[in-house]
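For 1-35, 93-109, 176-195, 293-305, the entry in Swiss-Prot reads topological domain 'Extracellular'. Residues or ranges marked as compositional bias 'Polar residues' in Swiss-Prot: 1-10. Feature annotation from Swiss-Prot assigns region 'Disordered' to 1-28. Look at Swiss-Prot and you will find 36-56, 73-92, 110-131, 151-175, 196-220, 267-292, 306-325 tagged as transmembrane segment, backed by sequence analysis. The feature topological domain 'Cytoplasmic' is assigned by Swiss-Prot to 57-72, 132-150, 221-266, 326-386, with sequence analysis given as support. Marked as disulfide bond by Swiss-Prot: CYS108-CYS188. According to Swiss-Prot, the feature N-linked glycosylation site maps to ASN189, ASN193, an assignment based on sequence analysis.
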Amino acid sequence: MEIFTTTRGTSAGPEPAPGGHGGTDSPRTSDLSLRALTGCVLCILIVSTLLGNALVCAAVIKFRHLRSKVTNAFVISLAVSDLFVAVLVMPWRAVSEVAGVWLFGAFCDTWVAFDIMCSTASILHLCIISMDRYWAISSPFRYERRMTPRFGCVMIGVAWTLSVLISFIPVQLNWHARGRERTDPGDCNASLNRTYAISSSLISFYIPVLIMVGTYTRIFRIGRTQIRRISSLERAAPRATRGPALCDEESSLKTSFRRETKVLKTLSVIMGVFVFCWLPFFVLNCMVPFCRLEPAAAPCVSDTTFSVFVWFGWANSSLNPVIYAFNADFRKAFSTILGCSRYCRTSAVEAVDFSNELASYHHDTTLQKEASSRGNSRGGPYQFAL
């Protein structure tokens with residue numbers, strides 16, 4: 001979400017002096033090399049974002065069963081928002097990074113609105129997915145009754161509506177800027193006023209990240225409790241049959257520890273990637289409007305630094321398909337689309353591992369039967385399938 005930046009000479013360094021011989025050739029060559037390297041890196045990022053999210057959308061279009069699960073609708077809508085980032089936001093900025101100047105004139109305001117809308121929609125969908133997981137794991141039976149397709153569509157609609165409201169309306173009415181009109185067509189500067197910087201950052205990042213931290217913390221606690229209950233039942237079984245209880249108990253404790261570690265690693269990856277990509281940008285986004293600068297003074301944050309953090313945030317859109325759409329159903333669809341089903345085949349146990357089930361929770365027949373049988377064996381519902 002690039003809501004404070006300028007595209008004049010951001011990543012490629014200062015323009016070389018025109019003309020000249022000898023000593024001016026080396027800076028010019030270095031500048032061109034840096035621009036070429038920047039262009040290659042950004043092209044790779046854009047293409048990977050396009051391919052990853054397009055693959056998710058293609059899988060949903062091709063396979064009807066992926067459209068039948070409400071939780072997959074959130075992953076699909078997330079992929080669409082990230083696809084919009086790759087199409088409506090990244091390419092225009094990449095061209096400007098390489099050229100060192102904004103080349104698209106009056107399109108600047110529309111582009112800024114697209115940037116805010118798409119980035120906010122992506123982050124809000126990550127928040128919705130975390131809430132969906134928490135509800136599914138904490139109250140699975142109530143979740144099955146209440147998480148209907150209609151309710152899922154309402155949640156998706158709220159995310160997109162909120163994203164549009166905080167982007168296009170303020171930008172088109174110029175409520176977001178610091179009170180000066182853009183006069184240079186080669187400068188797409190969207191420096192924010194303090195009110196809009198704080199309010200938009202709260203809606204787009206800080207409130208969603210607090211919700212995600214809360215839901216994933218609760219998920220870890222629920223998972224740890226269920227793992228320990230299962231482990232205690234497994235240790236009790238050999239005692240009932242008078243088997244080698246000591247060895248089985250030690251093995252069960254090791255298994256329980258491995259499961260808890262896997263839960264923690266999975267949740268750490270989900271939250272760690274998101275925070276690593278977006279936190280630096282939003283910290284600067286709230287800090288920069290409070291800088292008091294003289295007209296001729298240097299900015300308190302360099303354009304290059306801000307540009308790097310902006311691209312880190314957008315890079316999250318290339319990682320989301322890997323984190324959120326690699327459950328067993330999607331992986332099978334991907335292997336079929338890519339024509340590698342013979343080589344990508346995995347066993348049933350490997351295909352439905354914990355990290356994938358947690359990354360995109362869904363009930364299938366096998367898991368429901370397993371949950372029912374284990375739940376009946378201890379007189380209660382099995383709430384956390386591994």
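Every residue gets a Cβ built from N, Cα and C, even glycine.
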Cβ contacts under 8 Å made by the transmembrane segment (196-220) with residues that lie 6+ beyond its boundaries: 1, 3-4, 116, 119-120, 123-124, 126-127, 130-131, 133-134, 137-138, 162, 166, 170, 175-176, 263-264, 267, 270-271, 274-275, 278-279, 282, 285-286, 288-289, 358
Per-residue Cβ crowding (10 Å cut-off), top of glycosylation sites ASN189, ASN193: ASN189
Candidate with the highest Cβ count within 10 Å, taken from the disulfide-bonded residues CYS108, CYS188: CYS188
For the topological domain 'Cytoplasmic' (57-72), distant same-chain residues with Cβ under 8 A (at least six beyond the ends): 79-80, 83, 129, 132, 136, 147-149, 151-152, 325, 329-330, 333-334, 336-337, 360-362
Local backbone state of CYS108 (disulfide bond), from DSSP in three classes: helix
Cβ contacts under 8 Å made by the transmembrane segment (151-175) with residues that lie 6+ beyond its boundaries: 70-71, 73-74, 77, 81, 109, 112-118, 120-121, 124-125, 128, 181, 190, 196, 199-200, 203-204
Local confidence of the prediction over the topological domain 'Extracellular' (293-305), expressed as mean pLDDT: 73
